[in-house]
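Working notes for the structure below.
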């Protein structure tokens, strides 16, 4: 299953700011009845279809998650009977009634967009520069985790977000979070079996001469600098394996497709430094150029087995246009 890249969520805004609603005046019963009628919509079903797509079509001004929240709160009735199932089958001439009193608008997201959301997982595309989750020293920063927490609590005050994995702040691309602890534990405990594909694109310095290769080492973290490095001693640290193929090269840069066999901290960045081709913009791991004004690393593909349904989900995003700039401008492209 392939999901397309999410739409741009607009300019950066305060994600914690919730929409405001005018308070209804307390007046006579006749007013209340009229007001209730104004906040109720009825639709007649013309052809067989499932309830969720029917509602999305009729409530086109609302986001998909807002429509799903309306269903979850029991605000939809079919022929007078409340229905909450997304896939409830509709038949011609049935009447669908929507009570709009509790409709909540989606909170704008900054530096990220939602590619997929269900009861167990939420998949996003993160921009470079946005933290996945804050460390102790970054408590006041906007993060993907905090924005998603605000997003789900906008519909359910008790909802939570659970971390499954991370992307470095300066790495863009696809990542996922869990929406309950059971899904989180399943994905983390079966990571090697559940995740079928993790593909990155890396813009690195220099011409990588081999069309493809594999880098294997044992990674450790320096206690003072907190930099990861490959140790020369077997079994000393965490085993890390990275596979790469060249997509495009010239005399100064190479664009690589990188697949992770393991997922260690800073793995691609360390391994690219190890072969003498550090990731563009990665001063921490030996880069000398800032060709594109950001780190040249993007998580392009994530495919995994859904923790509840067992369905294979695959999400692919475009290679950032900036990554192609060195090949448009530099001579010797092949």
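Every residue gets a Cβ built from N, Cα and C, even glycine.
TrEMBL labels come from automatic prediction, so no person has curated them.
Taken from TrEMBL, the feature active site applies to 168. Residues or ranges marked as compositional bias 'Low complexity' by TrEMBL: 24-33. Summarising the annotation, TrEMBL assigns domain 'Pseudouridine synthase RsuA/RluA-like' to 120-273. The region 'Disordered' feature in TrEMBL is assigned to 1-37.
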Segment-level pLDDT (mean, integer) for the domain 'Pseudouridine synthase RsuA/RluA-like' (120-273):
93
Cβ atoms other than its own within 10 Å of the Cβ of residue 168 (active site), all chains, total 19
